[in-house]
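As structure tokens, the structure follows; a few thoughts come after it.
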Amino acid sequence: MKEKVVLAYSGGLDTSIIIPWLKENYDLDVIAVCVNVGQGDDMDYVKTKAIKSGASKIYVEDVKEEFVVDYLYKAIKSEALYEQDYMLGTSFARPLMAKKLVEIAHKEQAKYICHGCTGKGNDQVRFEVGVKAQDPIIKIIAPWRIWDIKSREDAIDYAKKVGVEVPVTKKKIYSVDKNLWHVSHEGGDLEDLKNEHKEDMYFMVTPPEKAKNEPTYLEIYFEKGAPVKINGEVLNPVDIIDKLNTIGGENGIGIADIIENRLVGMKSRGIYETPAGTLLYAAHKKLESVTLDKYTYQYKKIVSAQYGELVYNGLWFTSLREAIDAFVDKTQENVTGTVQLKLYKGNIKPCSVDTEYALYDEGISSFGESELYSHKDAEGFINLFGLPSKIKALKNF
């Protein structure tokens, strides 16, 4: 009886040719696993293609709701970003995929897990660190680090040689990652920084200049930091993301052209479409500015950056990530209320906030006197606050 390998399978170029390659070079029984995080593929086609390519079995795991509730809601509450711009669409999906791969490997008593990540990317780290955190014994096969195929063009040639159908041509080659949260585009002519990215690559977003000529007003209601209602309508978590992707996309919201510092040491360029995430972060940020006290608000920004880096670097299964989640959850206890946004041709303008937990007080913040604040108190405060500067000036050095 042949030993088994569980393959993270998408039906794309890399994983399509890995099936025959594993059988040819390792003589393994290949079990394909497609983790459905909302990439929008025809799963019946993916199943058929995996079997035709030589897999003995194919699992399709629909984890969209788990992805939103256990991963993306953490992103929203923390407002995690990598290097201030990247909304971590790929990074948040990988630990969930790694979790499912390990579960099925245990179920099938597989000795190996295989992935199609390149030897230059971050995903190889995310997958393998995620797998090892759950099963330190299972062995990893990473074809891109060991086979003779050195480019995507080589991969296409190999696919033709072994008779695997691949929906990519040499004329237009982008590496695309899609899920509920985002679409990323890398490779091809994007690797030359002198090239402006082409708007015809977009899947989710209408180019801003071609978006609607009338503004769209949008209301998002949050409960303890998590979105619950869109325009007054209660929706399930997956439908919330889908609806906001549609609304944001048709208004040209959510395009980012980013140069990022990869974990493995090089810089890379990616074009990202994240309409729902962009809307949710903007609304959540506005609500937090009203409901969090100054020091919690400021410290959370530091923690959010650290959280983004942890997730980007594949360190999901760590005590620090769990501790940050606990801190973030504490900060979200009063982040409840409705934020109205005005959307127009790629721009987002927060219009209003309605929350019973507002720390903003119109009476205190106005220019008039109030019982809690007297203009006369400011003089003593300024004297004490400026005392270090005054002493330094008196010392004259």
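Just so it is clear, glycine is given a Cβ too, placed from its N, Cα and C backbone atoms.
So that you can see what the record holds, here are the features copied from Swiss-Prot:
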type	residues	note
BINDING	ALA8, TYR9, SER10, GLY11, GLY12, LEU13, ASP14, THR15, SER16, GLY116	ATP binding site
BINDING	TYR86, SER91, ASN122, ARG126, SER175, SER184, GLU260, TYR272	L-citrulline binding site
BINDING	THR118, ASN122, ASP123	L-aspartate binding site
(message) Which one is it, among the binding-site residues ALA8, SER10, GLY12, SER16, ASP123, that lies nearest to TYR86 (L-citrulline binding site) by Cα separation?
(response) ASP123
(message) Name them in sequence order: residues not among ALA8, TYR9, SER10, GLY11, GLY12, LEU13, ASP14, THR15, SER16, GLY116 whose Cβ is within 8 Å of the mean position of the Cβ atoms defining the ATP site.
(response) ILE18
(request) Would you count the other C-beta atoms found within 10 angstroms of the C-beta of SER91 (L-citrulline binding site) for me? (result) 25
(request) May I ask which of the binding-site residues SER91, ASP123, ARG126, GLU260 is closest to SER16 (ATP binding site) if we compare their C-alpha atoms? (result) ASP123
(request) Measuring CB to CB from TYR272 (L-citrulline binding site), give everything in the same chain under 8 Å that is also at least six residues away in sequence. (result) TYR86, MET87, GLY89, HIS182, VAL183, SER184, HIS185, GLY254, ILE255, ALA256, ASP257, ILE258
(message) Of the binding-site residues ASN122, ASP123, GLU260, which one has its Cα closest to the Cα of ASP14 (ATP binding site)?
(response) ASP123
(message) Using a 10 Å radius around each Cβ and all protein chains in view, which of these binding-site residues has the most neighbours: SER10, SER16?
(response) SER16
(message) Let me make sure I understand the structure: which of the binding-site residues listed (ASP14, ASP123, GLU260) has the fewest other Cβ atoms within 10 A of its Cβ?
(response) GLU260
(message) Using a Cβ cut-off under 8 Å and a sequence separation of 6 or more, which residues in the same chain sit near ARG126 (L-citrulline binding site)?
(response) SER91, ARG94, PRO95, ALA98, ASN313, GLY314, TRP316
(request) Write out, in the order they occur in the sequence, the residues of the chain not among THR118, ASN122, ASP123 that have a C-beta within 8 Å of the mean position of the C-beta atoms of the recorded L-aspartate site. (result) CYS117, LYS120, GLY121, GLN124, VAL125, ARG126, ARG262, VAL264
(request) Report, in whole Å, the straight Cα-to-Cα distance of SER175 (L-citrulline binding site) from GLY12 (ATP binding site). (result) 9
